[in-house]
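Over in TrEMBL, the protein carries these features:
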COMPBIAS  12-30  compositional bias 'Acidic residues'
DISULFID  38-82  disulfide bond
DISULFID  54-68  disulfide bond
DOMAIN    29-92  domain 'Ubiquinol-cytochrome C reductase hinge'
REGION    1-32  region 'Disordered'
């Protein structure tokens, strides 16, 4: 179907795609914005530091069964807990 549209329009759909991409770039997802702000909080920064320390520790070893799943979940939980309290205030 897309191929047929391009044949009929002779390239005009590409212009429409560019306009759609520009509109998407202008609109910021409030969830992503809140996640960025929440990652700056003290609790999230601490959880991220623990995750990064684990990743560097695991990355420095050649043979290990350790992974950083617990630290990753701790960080995501801390960030999402912060976001959960603020996300519905920004919904229109």
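Each Cβ is built from the backbone N, Cα and C atoms, and glycine gets one as well.
Residue 54 (disulfide bond) sits 21 Å from residue 38 (disulfide bond), taking the CA atoms of both as reference points.
Distance between Cα atoms for residue 38 (disulfide bond) and residue 68 (disulfide bond): 21 Å, as a whole number.
Recorded residues residue 68 (disulfide bond) and residue 82 (disulfide bond) have their alpha carbons 21 Å apart, per Cα-Cα distance. The average pLDDT for the domain 'Ubiquinol-cytochrome C reductase hinge' (29-92) in the predicted structure is 91. Residue 82 (disulfide bond): 19 other CB atoms within 10 A of its CB, across all protein chains. In the structure as shown, the Cβ atom of residue 38 (disulfide bond) sits within 10 Å of 20 other Cβ atoms.
Counted within 10 Å of its Cβ, the other Cβ atoms near residue 54 (disulfide bond) come to 18, all protein chains included.
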